[in-house]
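Each remark here refers to the structure printed beneath this line.
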């Protein structure tokens with residue numbers, strides 16, 4: 001956490017010494033508003049972090065879901081295999097898939113909010 | 001089945017819907033209330049309402065019927081309907097809410113700065129919405145026919161009239177309450193008969209007989225029990241259409257604008273996923289029990305299995321009461337989805353077609369809310385007429401085509417529009433047109449008479465696996481060819497779509 005002394009000290013030192021120190025840059029939000037090179041980099045890093053998270057979740061879910069028909073296709077006994085008195089395909093597609101999707105959603109939201117909190121703290125810092 | 005008890009149950013649902021709708025009218029005051037409930041609905045209410053709106057006739061009646069007739073491969077329908085919300089969550093939920101747009105054409109216009117892209121989107125919203133309203137009306141007709149023997153037009157007419165009254169009266173605010181109520185009604189109506197059957201049955205193994213043994217080929221995946229060639233391709237294509245079509249359904253999108261902010265939009269979606277998963281545990285059970293207690297329905301298409309099963313298992317009063325409950329739940333399904341679709345279509349008709357004309361005709365002397373009400377009427381009359389002309393297509397088939405169309409048009413527009421800063425306006429328009437034409441052509445061929453077997457039939461019957469990549473590639477290639485047509489405000493749009501509300505930046509639009 002930054003302390004309020006940081007920016008106050010900036011005003012009494014020379015611009016040259018301040019130029020080397022990050023907290024002295026006015027704010028990340030101004031960089032973004034004025035669409036400077038730096039502001040664009042801030043935005044790019046936010047969008048890319050979120051996109052990486054999104055693609056990881058989609059990749060994981062589609063990989064798991066997509067391999068289920070392939071499993072049934074390549075290993076025919078799995079089509080009739082019985083678990084707790086129910087055929088395996090019915091257990092997976094009728095029951096198990098829903099809690100898995102819910103957990104994936106929870107994990108996604110937690111990470112997406114973490115990325116946003118870090119971004120907010122970073123660019124909002126004076 | 002006793003029609004008197006069922007009819008009074010349907011009557012109760014209708015009365016409750018109108019009652020809650022009128023309650024909403026008292027608190028709906030502004031145009032913003034009508035469109036998006038003034039964006040002030042809490043995640044829990046909103047999640048119930050989203051689920052209530054989403055679980056349509058296709059989910060309530062169609063999934064059980066499909067599984068009954070075509071077997072385990074059809075379980076992918078309910079999986080896809082649910083995973084579609086996960087895709088929506090990770091790809092578009094928060095950015096869409098932050099876009100500051102009321103409707104999908106609004107989003108397209110502010111992101112791509114083009115009235116042309118806006119008009120194409122408006123046309124697609126009306127098209128997809130109408131395609132999705134058809135099976136709702138069909139389901140309503142089927143339900144009333146099963147209960148009373150009346151012709152299908154009667155049930156469809158009842159739903160159409162009630163929806164128009166309710167939407168025109170209260171708009172989005174009252175719809176939110178109505179739909180939240182209807183989710184819980186639908187879940188109760190679907191779950192109660194199953195619990196009663198399982199409790200009343202002394203040997204639970206007998207109930208599951210249809211899943212095992214020599215006659216259980218239908219219960220195997222990829223078994224061609226549905227008479228389809230290339231079941232592996234069909235399964236993947238269906239999964240793709242459902243996963244990526246959900247985000248492009250107009251009533252789903254409108255619903256997201258009612259969240260207070262992007263973070264709430266995400267949290268709401270997580271609750272929705274839990275509610276959907278809970279609901280989808282039940283339709284397959286109807287199919288399994290239906291194979292044992294109502295095997296004759298396999299030949300007749302199966303769409304009525306949910307409605308008929310309670311009466312088959314318990315002849316007499318218990319069956320009548322449970323049957324009435326299910327009929328009431330089915331009606332809640334038609335009413336809620338139709339209401340959501342009508343709000344979405346009416347919003348677009350109002351903004352893009354009607355309001356400017358009304359302003360011309362009346363010289364500015366009109367009330368915006370009345371324009372929305374007229375639009376609601378138009379939004380329902382068109383699909384009703386289409387319903388009386390086209391007659392009956394299978395519930396899930398029509399819905400599947402609506403999903404494929406959405407996955408081939410709005411999905412690329414939203415996903416690339418939100419995540420890819422080099423997307424050009426020309427690319428957006430080209431993707432919508434190419435994806436829209438390819439998916440609609442497949443739908444039309446299907447309706448007119450699908451090719452006999454083999455790959456042509458598989459490709460036309462489940463088009464998403466080729467139409468959706470085609471649309472994405474079109475957008476990307478055309479955007480690369482027209483770099484000078486990248487919207488000037490793209491950087492600002494990215495800021496608006498992705499920065500959390502807590503950061504105080506210029507979002508390029510006045511806050512709404």
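Glycine is no exception: its Cβ is also placed from the backbone N, Cα and C atoms.
The transmembrane segment annotation in TrEMBL covers B:6-25 (among others).
Annotation source TrEMBL lists transmembrane segment at B:45-69 (among others).
Remote same-chain partners of the transmembrane segment (B:75-96), defined as residues 6 or more beyond its termini with a Cβ less than 8 Å from a stretch Cβ, comprise 54, 58-59, 62-63, 66-67, 107, 221, 235, 238-239, 241-247, 252-253, 256-257, 262-263, 265-266, 269-270, 272-273, 276-277, 280, 283-284, 396, 403, 414-415, 418-419, 497-498. Residues or ranges marked as transmembrane segment by TrEMBL: B:75-96 (among others).
Per TrEMBL, the feature transmembrane segment maps to B:116-134 (among others).
For B:183-201 (among others), the entry in TrEMBL reads transmembrane segment. If you look at the transmembrane segment (B:183-201), the same-chain residues 6 or more away from its ends with a CB under 8 A from one of its CBs are 13, 48-49, 51-52, 55, 60, 207, 275, 278-279, 282-283, 285-286, 289, 306, 309-310, 313-314, 318, 322, 325-326, 328-330, 332-333, 336.
What TrEMBL records for B:233-257 (among others) is transmembrane segment.
Per TrEMBL, transmembrane segment is recorded for B:269-289 (among others).
Summarising the annotation, TrEMBL assigns transmembrane segment to B:321-349 (among others). Residues 1-2, 5-6, 8-10, 12-14, 17, 35, 52-57, 59-61, 102-105, 122, 125-126, 129-130, 132-133, 136-137, 139-140, 143, 146-147, 159-160, 162-164, 166-167, 171-172, 175, 178-179, 182-183, 185-186, 188-190, 192-193, 196, 250-251, 253-255, 306-311, 314, 372, 375-376, 378-380 of the same chain lie 6 or more positions beyond the ends of the transmembrane segment (B:321-349) yet place their CB under 8 Å from a CB of it.
Within the chain, the transmembrane segment (B:370-393) has long-range Cβ neighbours (under 8 A, six or more residues past its boundaries) at 31, 34-35, 126, 129-130, 133-135, 137-138, 141-142, 152-153, 156-157, 160, 163-164, 167-168, 171, 338, 341-343, 345-347, 349-350, 353-355, 358, 447. Here TrEMBL flags B:370-393 (among others) as transmembrane segment.
Residues annotated as transmembrane segment in TrEMBL: B:399-420 (among others). Within its own chain, the transmembrane segment (B:399-420) is flanked in space by residues 56, 58, 62, 84, 91-92, 95-96, 104, 107-108, 111-112, 121, 124, 127-128, 131-132, 135, 238, 240-249, 253, 427-428, 431-432, 435-436, 438-440, 442-443, 446, 462-464, 467-468, 470-472, 475-476, 479, 497, which lie at least six positions past its ends and keep a Cβ under 8 Å from the stretch.
Within the chain, the transmembrane segment (B:427-448) has long-range Cβ neighbours (under 8 A, six or more residues past its boundaries) at 108, 112, 114, 116-117, 120-121, 124, 127, 131, 390, 393, 397, 401, 404-405, 407-409, 412-413, 416-417, 459-461, 463-464, 466-468, 470-472, 474-480, 482, 485. The transmembrane segment annotation in TrEMBL covers B:427-448 (among others).
Here TrEMBL flags B:460-478 (among others) as transmembrane segment.
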Surrounding residues of the transmembrane segment (B:460-478) on its own chain - C-beta under 8 Å, 6+ positions past either end: 228, 233-234, 236-238, 240-241, 244-245, 400, 403-404, 407-409, 411-413, 416, 423-424, 426-428, 430-432, 434-435, 438-439, 442-443, 445-446, 450-451
Cβ contacts under 8 Å made by the transmembrane segment (B:233-257) with residues that lie 6+ beyond its boundaries: 35-36, 39, 46, 49-50, 53-54, 73, 76-77, 79-81, 83-85, 87-88, 91-93, 96-97, 101-104, 125, 128-129, 132, 172, 221-222, 265, 337, 340-341, 343-345, 347-348, 400, 402-407, 409-411, 414-415, 458, 461-466, 468
